[in-house]
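Here is what TrEMBL says about this protein:
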TRANSMEM  7-25  transmembrane segment
DOMAIN    68-402  domain 'Plant heme peroxidase family profile'
DISULFID  78-157  disulfide bond
DISULFID  111-116  disulfide bond
DISULFID  163-398  disulfide bond
BINDING   205  substrate binding site
BINDING   235  heme b binding site
DISULFID  242-274  disulfide bond
């Protein structure tokens, strides 16, 4: 009997060890029912504040249709494709840093409308309208950059690399050179043969959008509050025009007064940069402009990125002269929101909801957490509703669809 008891104990021990090894290999973890952004003792700390990078990326990849997307998709057909794209963006950035926020914004405006299919790159023709002509896209930049890189790819590997893959890979490099994190991307996307101007006009979030509007538009595309807030961290680079927030300074919600949510000291600073004009009295001045910034701080000549040109519509540097250095990509944006120094109404709205405010505070205090979650969200955005296999085409010119058979 004693031998039998020892045998049972040994068997139980072996079973526990085996299960532990299985859980470790397969990434299984135990969570309490209440585990979400809070910890097990009730403190508010974001979920996954400490986790393995490889497991993180694998988890995101599992949510993506991988039947046609693969890592190193062009390994045989165009092995230098990713290197060509990365070098091109870096070379341009060294001369014109505005390329980084321009390409990131271009990616967002493409992937947010009917998925990452390069439809935003198409020109209008006699048969089709162009997303470029939708009001939120009128200030988009970077098309010439994509065209130049595409020409280089066509010289090396004609008819192989899609414009959709080119754009997501260029945006990843743009994030990296601007001080953001690297993230792995599968490739194999195909290009759309059509554009979606009307949808772009209706669905791209405006700078005066309410939080419910913003969260709603992101939610239908599969992004939760945490992911949405992390993507807003891209507002830590680029510029925005006074036109898009002047009503907050002089006539918020047609009251004839400033937005009470603006930091008083910051309000006075902004008024010196953005003098009163008749357009400031109309909140509609900011309607129809997309979410992400298009130009960088380094293109600006004066404090806060103010240009020396038209005094009726100056620009404000969203990086505040690269405040805190590249390592504060994203983090400085969230810290300023906590100080009520969000420029756009849609920015400051993130502090108006318990969940989004929690993530703002988490990202402001933990740069590593932000970088990891921004990387995950960019991976997810870059694989949103992609065309693969026979569902799309590979354009030889990113601005023109191939003739349909």
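Sequential numbering from 1, following the chain as shown.
Yeah, the Cβs are placed from backbone N, Cα and C, and that goes for glycine too.
A distance of 19 Å separates the Cα atom of residue 274 (disulfide bond) from that of the residue listed as 'heme b binding site'. Rounded to the nearest whole angstrom, the C-alpha distance between residue 205 (substrate binding site) and residue 242 (disulfide bond) is 18. Here residue 242 (disulfide bond) is compared against the recorded positions 78, 111, 235, and the shortest C-alpha distance is to 235. Looking only at the disulfide-bonded residues 78, 111, 163, the one with its C-alpha closest to residue 235 (heme b binding site) is 111. The Cβ neighbour count for residue 111 (disulfide bond), using a 10 Å radius over every protein chain in view, is 27. Residue 116 (disulfide bond) has 163 as its nearest neighbour among the disulfide-bonded residues 157, 163, 398, going by CA to CA distance. When the C-alpha distances from residue 78 (disulfide bond) to the disulfide-bonded residues 111, 163, 398 are tabulated, the minimum falls on 163.
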